[in-house]
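For reference, Swiss-Prot has these:
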type: COMPBIAS; residues: 137-148; note: compositional bias 'Basic and acidic residues'
type: REGION; residues: 137-178; note: region 'Disordered'
type: SITE; residues: Tyr197; note: site 'Histone H3K4me3 binding'
type: SITE; residues: Trp203; note: site 'Histone H3K4me3 binding'
type: SITE; residues: Asp207; note: site 'Histone H3K4me3 binding'
type: SITE; residues: Trp212; note: site 'Histone H3K4me3 binding'
type: ZN_FING; residues: 187-239; note: zinc finger
Amino acid sequence: MEMAAPVSPAPRTVEDIFKDFSGRRAGLVRALTVDVDEFYGFCDPEKENLCLYGHPNGRWEVALPAEEVPPELPEPALGINFARDGMHRRDWLSLVAVHSDSWLLSVAFFFGARLNGNERKRLFSLINDHPTVLEALSDRKHGRDNKSGADNGSKSRHSGKRANDVQTKTSRPAVVDDGYDEEEHSETLCGTCGGRYNANEFWIGCDICERWFHGKCVRITPAKAEHIKHYKCPDCSSSKKSRQ
C-alpha cells in the first residue's frame, strides 16, 4: 500500500488545483493498472469499509475513511472492498474507476469553490482534456484484448451470453418459455419485506439460499445486477461472516 502524502496547503489557483487533480488522478490510475494486483489484495471484503485515495504526489492508498465529521475533504466511495468477490474482476475495477472519477471532480471543485465563473470553466477544460480514470483503465484493457482478434470475438460472445443469463435470472422468479404463468408465481414472497411477486417490479434471486427479493429491498438495481456474477443476499452474507 502506498504511503499517504504529507499535508500541504490547499491549492487556490486554477493551475494549482489542476496540479493537485493530476497528481491524485495519476495515483488512482496507477492503483487500477500498474499496481492492480497489490490494490486488489488490499481490498479484502472481510475488512471494514475501505476507500481508495489518490494523493497529490501521485501515490495511492487503501484506507479507512476519515474519522472527523464533516471530513476536511470530500471522501471517496466507501466500502469498495465489499463488492470485490461478488463481481467479475474487470467489472469491479471499472466500478471503482467510475467512483474515483466522481471523487476527483468533487475534490477539484471543492478547492475551486471560490473561483469565479471563467476560472471554473478553465479548470474544467483542463480536466476534460485528460482521459478519465475509467477511460485510462479501458484503454489499457482494450490494448490487451486487441492482441488477438479471435480471442476478442470469443470473449464478446461469452460476455453477451453471461449478460443475458443475468438479465433472465433477475427479471422474475421463474425462467420458462412463452407459457409463463404469472399466477403460478404470485405466491413467491420477497425474503426481506414479505411482499408478493409482481412482474412489474425488479427482483433478484440469491444463489445461496435461492430466495427472491425486491431489488429495492436489498439495494440492487438492474444495472448493478448485470455486473454481479453470484448474488448473496444480506442474510447469507452475514451468516458467512459469523461462521468465520
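Quick reminder: no glycine exception, Cβ is built from N, Cα and C everywhere.
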* Asked: Per 10 Å Cβ neighbour count, which of the recorded sites Tyr197, Trp203, Trp212 ranks highest?
  -> Trp203
* Determine the Cβ neighbour count for Asp207 (site 'Histone H3K4me3 binding'): the number of other Cβ atoms within 10 Å of its Cβ. => 15
* Write down the Cα-Cα distance for Tyr197 (site 'Histone H3K4me3 binding') and Asp207 (site 'Histone H3K4me3 binding'), rounded and given in Å. => 18
* **Helix-strand-coil residue split for the zinc finger (187-239), DSSP-based** => 10 helix, 10 strand, 33 coil
* Asked: Tyr197 (site 'Histone H3K4me3 binding') to Trp203 (site 'Histone H3K4me3 binding'): how many Å between their Cα atoms?
  -> 8
